[in-house]
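Structure, as structure tokens:
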Amino acid sequence: MATPVDEQSPLLQKGRRPLLERRGSTHRVCFDIPPTNDLSEASTQSSIGRYPLTPGIQSGISAMDAEGPLGSVGLTQPSTWDQFATRMRYYVPVVGWLPDYDGGQLWNDVRAGLTVACLLIPQALSYGSLARLSPINGLYTALVPMFVYGIFGTSRHLAMGPEALISTIVGTVIADYEQTVDKTTSPALLDAAGVARVVTFLVGIFSFLLGIFRLGFLDSILSKALLRGFVTAVAFVIIIGQLIPLCGFYHLGEKLPSVHASPIEKLRFVIEHFGEAHQLTLWVSMGCIEFLVGAMLVKRRFKRIGWIQQFPEILVTVVMSTLLCYLFEWHTKGLLIFGRVDSGFPTPHLPRLPEAVFYKDAFTSALLISIIGIVESIIIAREYASKNHYSVSPNRELVALGLANLLGCVFGAYPAFGSLARSRLNDRAKAKTQFAGVITGALVLLTITLLLPLFHYLPKAVLSAIIFNTGLSLLTKTPRELRFLYRVGAWRDIILLTLIFVSTMVVSVEVGIMLAVILSLMTVIKKTTVPRITILGRITGTKDQFAPVPDFPDQVEHVQGVMVVRIEEPLFFANTGQLQARLKRLELFGDMDTHPSERARLPPAQAVIFDVENMPDVDASALAILKEIVESYHLRKIIVCFVRLHPSLYLTFEKSGLREKVGHQLFFVTVADALEHVEQARSYSCDSASDSPQDTDNEFATF
């Protein structure tokens with residue numbers, strides 16, 4: 001007889017009702033009795049573990065339905081206007097938080113907006129140059145996206161605007177475009193801002209569609225180690241790229257390396273010609289870098305002192321250097337300055353790709369920029385939402401980022417995403433709502449329309465020093481992450497990180513990020529396509545207790561002639577392709593770590609027991625493969641049993657013919673029950689050996 005149902009079995013521990021024994025059978029079938037508050041659902045099918053309800057209970061349910069759930073007062077149907085208002089609060093977050101806005105929040109948001117603006121405005125001017133555009137394009141990027149995100153964004157602390165990483169990639173795209181224009185010998189086609197508009201438009205489309213189709217989980221597919229390798233390489237690209245303007249090599253003219261020269265070539269040029277550096281430019285650059293790095297170290301040392309964390313060292317650098325340049329007339333001594341830039345609100349223009357650029361190139365670049373920006377922005381939004389105890393929606397964040405870039409491209413912006421440094425500052429300044437970003441945007445608008453002439457005497461070397469310092473800040477996490485990877489023995493991640501770093505430095509930024517994305521996707525696909533299965537063995541000294549053999553090799557022993565396999569996840573088309581091969585490997589060696597060239601370690605299996613408690617779902621492709629596996633075992637006269645099949649899958653197995661193929665009587669509640677049946681079947685092995693595969697299948701159903 002089968003062993004009694006263990007009161008401590010996993011099924012009972014999950015809160016299910018006691019299992020009922022089917023009379024007249026030597027095995028037990030799992031009947032899933034629904035919770036008492038699910039009576040309406042329980043009135044349906046009783047053929048798969050459901051109890052039919054009596055007319056009295058049915059009438060009681062009808063009475064409760066008339067009054068409301070469990071006899072409560074019936075709920076009134078919300079009006080169309082109420083539904084519209086609810087949807088508006090969800091899809092346009094400003095409608096939700098603005099009506100409840102109060103004076104206390106206003107003071108915090110104004111303070112945070114001013115604090116972030118002191119960092120953003122100098123950064124925007126610098127990043128515009130980094131993107132090979134006019135510095136005012138950096139301000140445009142900090143303007144419109146900030147306002148749009150304040151309306152549609154769900155994060156209270158995410159600070160939108162230009163970013164060093166994105167600016168570098170945009171600059172690479174524009175440099176490639178300028179090289180194409182040179183080859184066509186058509187200077188009239190030169191329209192770097194037009195290229196940036198189109199790339200921004202495509203970035204907005206990608207982000208918006210990802211949000212509409214609810215693909216906000218995609219930020220999780222990129223390996224953090226691969227991304228760190230790429231960010232580290234880009235940091236070096238930024239640092240080395242700024243060495244030439246920091247040293248003031250402009251007077252060397254044609255000796256300067258081309259914009260397409262690799263970072264290694266640029267570094268070699270700086271070393272070889274360092275003696276020819278412009279002395280005043282070099283001293284101004286070194287002074288600014290020392291001040292900025294010193295401020296960064298002080299902030300890192302005194303993390304708990306609020307006024308130190310909010311000290312605007314970049315703004316102080318810009319103001320002081322501009323004032324000194326004006327007072328001492330450094331611009332007359334060979335120091336390049338910001339100069340005159342046309343100010344005023346940008347004129348809206350629809351994006352139009354210049355003739356000399358292929359749409360394929362713009363499409364590829366926009367896709368890569370979208371991936372980087374989305375990943376960084378959602379990570380930042382989640383981090384500060386968790387810290388401040390509110391929630392953000394990744395899908396609505398994608399929609400907000402998409403709309404911010406779609407409208408931004410019309411007003412001369414290049415791709416804008418969240419900034420970690422500015423978001424951290426926003427949080428430390430105690431921002432309460434998205435209105436803090438609106439305040440920052442208003443100050444950017446004020447700068448564009450009125451204050452831009454004040455930057456006339458700003459040395460360009462100072463902008464390069466700000467960018468250089470940004471590159472250094474991107475490297476701060478690299479040593480810590482490398483130590484962590486080394487400590488946990490993640491050699492594969494270290495090798496891939498190094499590969500991404502080298503490819504970005506030696507080849508190009510685009511190749512680096514493309515390789516990072518491809519390797520991340522390949523890793524995800526590889527992990528997804530390998531089914532998670534575990535071989536179980538009997539715990540030594542027991543009869544009905546089983547545990548994974550790899551986890552407890554000294555306490556668990558293989559069942560002689562029986563392979564007990566636990567399937568750890570739902571089966572679908574992607575992860576069943578290798579299922580048969582992995583089962584064969586387990587049958588021969590008992591684990592997956594043994595090299596397939598070695599000799600078999602286990603005797604031939606006479607039975608296979610599948611524990612499928614952790615397999616709540618299975619698709620059509622997986623069902624077909626399971627049928628093939630069962631057929632192959634039957635051809636070898638191997639008994640196949642299933643244990644703890646989910647009640648919801650009984651009908652699926654029935655319709656697919658898999659239950660008939662296995663044998664209706666070979667579905668059990670516990671592994672011990674299945675093993676007892678197999679031991680009974682062994683006593684008939686002589687008779688079974690003389691039967692055909694189909695006869696064997698029929699005979700299995702008699703045990």
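Using the three backbone atoms N, Cα and C, a Cβ is placed for every residue, glycine included.
All TrEMBL annotations are machine predictions without curation.
Since this is a predicted model, take the numbers as computed values, not measurements.
TrEMBL lists 552-678 with the feature domain 'STAS'. The transmembrane segment annotation in TrEMBL covers 194-213, 225-252, 280-298, 362-381, 401-421, 433-451, 496-522.
The DSSP breakdown of the domain 'STAS' (552-678) into helical (H, G, I), extended (E, B) and coil residues amounts to 53 helix, 22 strand, 52 coil. Within the chain carrying the transmembrane segment (280-298), a Cβ under 8 angstroms from the stretch's Cβ atoms is held by residues 245-248, 308, 311, 313-314, 316-317, 321, 330, 333-336, 459, 461-462, 464-466, 468-469, 472-473, all 6 or more beyond its ends. Listed as Cβ neighbours of the transmembrane segment (194-213) (distance under 8 Å, sequence separation of 6 or more from its ends, same chain) are residues 131, 133, 137, 170, 173-174, 177, 349, 351-354, 357, 362-363, 365-367, 369-370, 373-374, 395-410, 412-416. With a cut-off of 8 Å between Cβ atoms, the residues of this chain six or more beyond the transmembrane segment (225-252) that come close are 130, 164-165, 168, 263, 266-267, 269-270, 273-274, 276-278, 280-282, 285, 289, 334-336, 375, 460-461, 464-465, 467-468, 470-472, 474-475, 477-478, 481, 485, 490, 493-494, 496-505, 509, 512-513, 516, 519-520. Remote same-chain residues near the transmembrane segment (401-421) are listed as 119, 131, 133, 136-137, 140-146, 148-149, 152-153, 155, 158-163, 166-167, 170, 193, 196-201, 203-211, 346, 348-351, 366, 369-370, 372-374, 376-377, 380-381, 473 (criterion: CB distance under 8 Å, separation of at least six residues from the stretch ends).
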